[in-house]
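Engineer: Feature table excerpt (TrEMBL):
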- 1-54: region 'Disordered' (REGION)
- 1-12: compositional bias 'Polar residues' (COMPBIAS)
- 35-50: compositional bias 'Polar residues' (COMPBIAS)
- 70-90: transmembrane segment (TRANSMEM)
- 71-513: domain 'Major facilitator superfamily (MFS) profile' (DOMAIN)
- 102-125: transmembrane segment (TRANSMEM)
- 137-154: transmembrane segment (TRANSMEM)
- 166-188: transmembrane segment (TRANSMEM)
- 195-220: transmembrane segment (TRANSMEM)
- 226-245: transmembrane segment (TRANSMEM)
- 308-327: transmembrane segment (TRANSMEM)
- 339-358: transmembrane segment (TRANSMEM)
- 398-416: transmembrane segment (TRANSMEM)
- 428-452: transmembrane segment (TRANSMEM)
- 491-509: transmembrane segment (TRANSMEM)
Amino acid sequence: MSSGDPLTSTGQDIKPSPAPVTATATGDKLGEKNTAGSYNTSSDPESSGSLGRVPSGPPYSVFSKGTKRWIIGMITFAGFVSPMTANIYFPALNSIAADLDVSVALINLTLTTYMILQGISPAVFGDLGDMAGRRPAFIISIIIYMGANLGLALQNNYAALLVLRMLQSAGSSGTLAMTFAVVADVAVSAERGKYMGIMGTGINIGPALSPVLGGILAQYLGWRAIFWFCLIFSGTWLVPFILAVPETCRKVVGNGSIPAQGWNMTLIDYIRYRRHPPAQKKAPARKFRWPNPFNVLRVVVEKDLAMLLFYSTMVYLVFILICATLSTEFARIYHYSNLQIGLCYLPYGFGCLVAAVFQGRVLDWNYRRLAHKIGFTIDYKRGDDLSKFPIEKARIEPCLPLLVVGIAATICYGWVLQAETSLAGPLVLLFAIGLCVTGSFSILNTLVVDLYPEAPATAVAANNLVRCLFGAGGTAVIESMLGGMGRGWTYTFWALVLVVFSPILWILIQRGPGWREARRLRVLEAAKKKEETEAETLQSQD
């Protein structure tokens, strides 16, 4: 992190020096009790009659609300790419095996290698995004993805399929870490839940809608149409992104006020600036390095983040194993076609969609509620000093009731399948699982970004690496578990795993703030030593 960047963070939202407090329209002051005995915690001009604080420092983000919505909308579609690519392939497995004259077991091997690259790739692109900027990382990953899809649509042998699926995974998964990081770039913690919810829509509904889409394409146009669709979808997204989505990385453009340079500029801005060079001072030169995927290990060794990543991975395993076994179990029980089975994913997808819409608002509401309770002043303009706010509690509290319902729904799902009841029962429970289990996972992902704001893409990459490695192991043993334990006890086992490890959430609420503050002080101390070393180097050169 460059010491010359005036807007980088050290484990918290940007918090300038204290500003003078002025009277609001009702005579209240920010952070002081009003006549009703409550705290006025909002400085958002949209939620009160006037600003309750005279700004004394730079805003957290200079992007307008319309620009933020444009950015978030674009990354929502980018977030759809990775889960879509992973699941759109499922309905065509038998067709591909027949056309390439290989066994289904060999085709399943492409799923394993895909998941391995899905875990590794974000570690590379996440570090690239934190170092060089979000735009270069997005563009490179999507270009790789498009090339892989073109090759997959044209290939005719198994070796090419295996290699190109790995390349496809590397490109599509590279976008995943950046989507969360972009939200952290433009949204303060108090409103981050809302934007995370919108962005999570693409990630959460991808596993539900893509099998339906893949089944339709494979049945009516052939399995190659799946890869042509992925190529067209990503190309259609890439054009407006290159043209008009601005750079947001805070190490590159700060809060958006530092002019982007070179490949961080949008094409429209590049053409405009070539014709009419701006008068602004250029951003200081930055040193580029090769992306280091091992930077994710810095995240994993932190106490609070390690515990959070482990528990969120357990939550991930519950719903991903349900999705992975839905097609085979429904085929055995109900004898449905691939297209009919694909349609059975829709209740799960609808539950994910409802969770994405409402979870963000619930997170932001709980943030405001907790701030009101402890007398903490929310600064929507410049961001909050999270060293003085229990962000762990604010995020985990809404997660707890969802987990309770999700665990119960998972247990019921297993025993309903065991009893082989009518289809209505499993579909209702799939909706509850999509709403509650997947919703809980998304909330925990938001907390990951909150706890490591100095490199959010790297933090999400660490999360992705851990969950994909565990996911690869889980998918390898789930069929054996179903055969040996039966459907009821298999899904009950995974639900009880969440119960057994749930004290982790209590520990994070109680001990997390102290661990987070210790990390923040370490980062500040390291930055101070770096500045002193650079100053000594300059003096010796003089």
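Numbering starts at 1 and runs along the chain as displayed.
From the backbone N, Cα and C atoms, a Cβ is placed for every residue, glycine too.
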Engineer: Give residue numbers and ranges for long-range contacts of the transmembrane segment (308-327): same chain, 6 or more residues beyond its ends, CB-CB under 8 A.
Structural biologist: 87, 90-91, 207-208, 211, 299-300, 338, 341-342, 344-345, 348, 403, 406, 410, 413, 430, 433-434, 437-438, 440-441, 444-445, 447-448, 451, 462-463, 466-467, 470-471, 474-475, 478-479, 482, 491, 494-495, 497-498, 501-502, 504-505, 508
Engineer: Other than its close neighbours in sequence, what residues sit by the transmembrane segment (226-245), given a CB gap under 8 Å and a spacing of at least six beyond its ends?
Structural biologist: 70-71, 74, 77-78, 81, 84-85, 88-89, 92, 135, 138-139, 142-143, 145-146, 149-150, 152-153, 168, 213-214, 217-218, 266-268
Engineer: Would you kindly check 137-154, 166-188, 195-220, 491-509 and say which stretch has the most C-beta pairs under 8 angstroms to the transmembrane segment (339-358)?
Structural biologist: 195-220
Engineer: Six or more residues beyond either end and a Cβ under 8 Å away: which residues meet both conditions relative to the transmembrane segment (166-188)?
Structural biologist: 13, 60-61, 63, 68, 71-72, 75-76, 78-79, 81-82, 85-86, 113-122, 124-126, 129-130, 134, 137-138, 140-149, 151-152, 194-196, 199, 202-203, 230, 248-250, 256, 379-380, 382-384, 445, 448-449, 453, 456-461, 464
Engineer: Of the listed stretches (70-90, 102-125, 137-154, 195-220, 491-509), which one yields the highest count of Cβ-Cβ distances below 8 Å with the transmembrane segment (428-452)?
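Structural biologist: Comparing 70-90, 102-125, 137-154, 195-220, 491-509 against the transmembrane segment (428-452), the winner is 195-220.
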Engineer: Any residues 6+ beyond the ends of the transmembrane segment (195-220) with a Cβ under 8 Å from its own?
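Structural biologist: That would be 68, 72-73, 75-92, 95, 176, 179-180, 182-183, 186-187, 226, 229, 320, 323, 327, 338-339, 341-343, 345-346, 348-350, 352-353, 355-361, 363, 434, 438, 442, 445-446, 449.
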Engineer: Report, as numbers and ranges, every residue of the chain located at least six residues beyond the transmembrane segment (70-90) whose Cβ falls under 8 Å of a Cβ in that stretch; write 'none' if there are none.
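Structural biologist: Distal contacts: 63, 111, 114-115, 118, 138, 142, 145, 165, 168-169, 172-173, 175-176, 178-179, 182-183, 186, 195, 198-207, 209-211, 213-214, 217, 226, 229-230, 233-234, 237, 240-241, 244-246, 248, 323, 327.
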Engineer: So what pLDDT does the domain 'Major facilitator superfamily (MFS) profile' (71-513) average out to?
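Structural biologist: Taking every residue in the domain 'Major facilitator superfamily (MFS) profile' (71-513) and averaging pLDDT yields 86.
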